[in-house]
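Participant: For reference, Swiss-Prot lists these features for the protein:
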{"type": "BINDING", "residues": "Gly181, Cys182, Gly183, Lys184, Thr185, Leu186, His320", "note": "ATP binding site"}
{"type": "COILED", "residues": "16-57", "note": "coiled coil"}
Amino acid sequence: MSEDEAQFHGNYDDYVTYLKRRIRQLELQVRMLEADKERLERELSRLRSEMSRLRQPPAFAGSVIEVLDDDRAIVQNYNGPRFVVRIAPWIDKSKLRPGTRVALDQRTMAIIEILPASKDPAVLGFEVVERPNVTYNDIGGLKKQLQELREAIELPLKHPELFEEVGIDPPKGVLLYGPPGCGKTLMAKAIAHEVNATFIRVVGSELVRKYIGEGARLVHELFELAKEKAPTIIFIDEIDAIGAKRLDETTGGEREVNRTLMQLLAEMDGFDPRGNVKVIAATNRPDILDPALLRPGRFDRLIEVPLPDFEGRLEILKVHTRRMKLRGVDLRLIAELTEGASGADLKAIATEAGMFAIRERRTYVTQEDFLKAIDKVLGNEKKIIQQIMSHEVIYG
């Protein structure tokens with residue numbers, strides 16, 4: 001007699017109940033073990049597949065020259081000869097065009113995969129923000145300029161049917177011009193946030209390259225990247241670096257800049273004004289820009305972003321102080337004392353006022369902190385300008 005039987009000797013009902021419970025426990029353990037077995041078999045299959053993939057020989061990279069009939073194509077291995085090769089049956093032939101990058105089998109040179117288009121690392125290094133966190137509430141004193149920018153950029157992206165009903169094409173690009181620090185970049189980011197668009201910021205000097213054709217290629221790949229991530233807003237800051245007036249007498253470097261400019265003009269002529277790519281450019285020197293940039297069909301709308309007036313300075317101060325604890329601060333007086341200051345200057349003044357409060361171990365900012373900040377930010381600026389002017393007078 002087993003121990004279980006001895007335990008329930010003479011009480012068969014309890015023994016039967018115990019056996020049923022034990023059977024259920026064993027069945028549950030069996031199901032758990034079967035589930036573990038299936039999981040481990042799937043993991044084994046995945047690892048075997050991964051091992052098989054890693055053991056595959058490397059493929060050559062090439063480009064399609066011409067697509068032929070009978071599932072064949074002419075391809076060229078980079079820096080190598082041309083081959084007439086077969087196209088693998090799983091390749092979508094409609095996607096094969098001259099210039100398409102493909103992977104070629106090492107042994108048969110057959111096309112076995114379509115590769116993504118190549119991009120210069122400099123293009124991939126441009127500042128790409130999927131959706132900026134700047135909103136219209138972060139901008140003060142630029143209501144008129146924002147309205148004009150929204151009409152040219154936001155409306156075509158969000159409500160293209162309005163332009164179709166009226167029968168006009170929206171502007172392809174907008175040029176923002178004015179002194180530095182007045183909010184041109186902020187306006188572009190706010191528009192990108194509102195339309196939920198990708199924001200690509202490029203400085204004009206980044207498109208200037210040493211060797212012939214490199215700058216033009218960068219511009220082309222920049223617009224290709226924008227089309228892939230559409231809807232996209234391309235913001236070209238300091239466009240005067242590549243968009244200055246072309247002269248008859250040029251050096252080698254200036255000729256390369258002119259080639260880059262011509263590529264930019266060609267790209268802006270080549271995309272649909274009702275498409276999902278918009279261009280915003282900014283400059284502090286609109287007087288030196290090439291007239292070809294400013295003609296209708298490229299930068300159709302020119303928006304001046306001037307230094308803020310009294311009401312504009314007051315709005316900007318309210319924006320930058322809305323999270324600050326103020327005690328006895330008259331923002332209207334601060335706005336009067338900062339005549340000629342840009343939006344960036346006003347932000348610096350608010351930051352310096354907060355730093356003065358921290359220096360005094362306070363959690364609130366007073367009027368005196370702002371007065372010290374004004375003297376520090378604007379006073380130093382005036383002193384620097386005076387020093388530069390006196391230096392020019394002395395040394396000519």
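Glycine residues also receive a Cβ, built from the backbone N, Cα and C atoms like all the rest.
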Participant: Find, for the listed binding-site residues Lys184, His320, the residue with the lowest Cβ contact count at a 10 Å cut-off, counting only other Cβ atoms.
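Facilitator: Output over binding-site residues Lys184, His320: least Cβ neighbours within 10 Å is His320.
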Participant: Which of the three DSSP states, helix, strand or coil, fits Lys184 (ATP binding site)?
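Facilitator: In the DSSP reduction, Lys184 (ATP binding site) maps to helix.
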Participant: Rank the binding-site residues Gly181, Gly183 by how many other Cβ atoms lie within 10 Å of each Cβ and give me the one with the fewest.
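Facilitator: With the binding-site residues Gly181, Gly183, fewest surrounding Cβ atoms within 10 Å: Gly181.
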Participant: Run through the Cβ atoms and count how many others sit within 10 Å of the one on Cys182 (ATP binding site).
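Facilitator: Step by step: centre on the Cβ of Cys182 (ATP binding site), count other Cβ atoms within 10 Å, giving 27.
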Participant: Within 10 Å of each Cβ, count the other Cβ atoms, then let me know which of the binding-site residues Thr185, Leu186 comes out lowest.
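Facilitator: With the binding-site residues Thr185, Leu186, fewest surrounding Cβ atoms within 10 Å: Thr185.
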